[in-house]
Ligand SMILES: [Zn+2]
């Protein structure tokens, strides 16, 4: 029997056993996985200057 591979969680540095018992590897838990996912998702969703047409009726004509 070989020893299981253990990797550090990228988020909290907890030891994560690299096998089927760790579905969120290399993260230790779903929480840590979501933290990492949220960080890059926030960057992806940042749209500078996104148009907001909801309340522009009064003054928008001059801008176009
Ligand atoms: Zn963790």
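Just so you know, glycine gets a Cβ as well, placed from its N, Cα and C.
For residue 32 (Zn(2+) binding site), the same-chain residues that are 6 or more apart in sequence and have a Cβ closer than 8 Å to its Cβ are 9, 10, 11, 12, 14, 24. Taken residue by residue with DSSP, residue 32 (Zn(2+) binding site) is part of a helix. What TrEMBL lists as Zn(2+) binding site is 9, 12, 28, 32.
According to TrEMBL, the feature region 'Disordered' maps to 43-64.
Residues annotated as compositional bias 'Acidic residues' in TrEMBL: 54-64.
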Give me the non-local Cβ neighbours of residue 28 (Zn(2+) binding site): same chain, 6+ apart in sequence, Cβ-Cβ under 8 Å, ordered along the sequence. 9, 11, 12, 14, 15, 16, 22
